[in-house]
């Protein structure tokens, strides 16, 4: 599945053309322009891409808020719910790998939605995704303050939020290479934290703790594999609660798609990055869900009290509660500090992705033109500033209460993510229909192909709306309906539809658009391909002419 360019690829990237489109694509100049390989806008290397994918997917959710689904689902229910959603994300990765490796351009899947489905559809998806990322930025900024409260309650919440915003600005505003390097080293901390917590789980469960308590899988037996009274309804709602939490926590392939336009030699790097999605899922999400169910009981009074009372910082983390229960000194503070770094890194990635989404919308005239402005390193500095300005909404926590505001962002993000995943799946199915209609599906036109297609595409399209529809099931219990909760649970679909319908009316009335979606035989598979092919040739030629250093070989081995 991974793409390894061969010598003939440098001369004719798609040999044996089988349509007029492919003939158009394969017209190439007599010389390779090596300057393309040094485009400052494309400053991200393999190690940057891999760590950004990790950075954007491992934050406070995996270390702190994972305690919430544990209390409602139990250890097995938590594991099952996370596994179900991880399968959806992996299927989405199989869709994105084909589109992104063919067209690694700014805007990623937002660009593809407008190109393969409809401009209005792309606009609605783009703004939905921007809202998602802006909410995530606010969530992580508020979480920074929550974590700092583990050590002190005297520091004003606005101070930490302000420090976070300023730090994001400094890292993001100058160069994508600068951002990539800083994010690379910060993200390594997350990897070590996850590895450390996994080792902690294994060592302590076999008796390596101050109490000598060989607790093993005790909590899977008592209080049991599922939380509360074991009946079909309780087990099902518990699993669904953990699945809903996973829609907020489990991400990654979408970030790889969005940064595709800023990656060096994208057709060599991106396939490896997408293929590693399965390993991130196994090593971080499923392993994390397993470990949490081992170290903490779903009925632990400290965990339940932390959730109901909104206990500050990592005191709410199942890992820290476990460490305190076992009488382990120093380690809780160390873990809390690493969680703090992890949250900062995740927020930094969200700023990057949100600003690039705004930049992409501006280039399609679906956002103010001023957002197109870039500095001499190709960084959309206006979009970065606007993104950080919206991050100031996190100051709401100062007056409204931290826990309440965190729940607002969680509910909003979960619902908006589900809309985005549904759109990604639908975009891929249109992409595949276009390839089939233009006789490109069974050729070597695609640099790389995803697993289990078109099943993966349909899996995303079916599962995401189902989860979205039932995400607010608790609101329909007798007497449980609450207006604000309904808005945060389902509001994103109304925002999406309002933007889509408004844009569609404008297209129909003023631009005389005749089609509901772009006809399959008219989908554009030509634009940008010549440039990407030339970039690939230049990157491969430079790679062949310049021997790798030991450090680069070491980096390639691990990333």
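If you go along the chain as it appears here, the first residue is 1 and each next one adds 1.
Quick reminder: no glycine exception, Cβ is built from N, Cα and C everywhere.
Automatic prediction, not curation, is the source of TrEMBL annotations.
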To which of the residue ranges 15-36, 191-212 does TrEMBL assign the term transmembrane segment? 191-212
Leading contact stretch, 76-105, 126-147, 191-212, 334-359, 457-476 vs the transmembrane segment (159-179) - CB distance under 8 Å: 334-359
For the domain 'Amino acid permease/ SLC12A' (48-510), what's the model's average pLDDT? 84
Ranked by Cβ pairs within a distance under 8 Å of the transmembrane segment (126-147), the first of 232-256, 334-359, 408-429 is 334-359
Which range wins on Cβ pairs under 8 Å with the transmembrane segment (191-212): 232-256, 334-359, 379-396, 488-506? 334-359
Need a quick answer: max count of Cβ pairs under 8 Å to the transmembrane segment (76-105), which of 232-256, 334-359, 379-396, 488-506 is it? 232-256
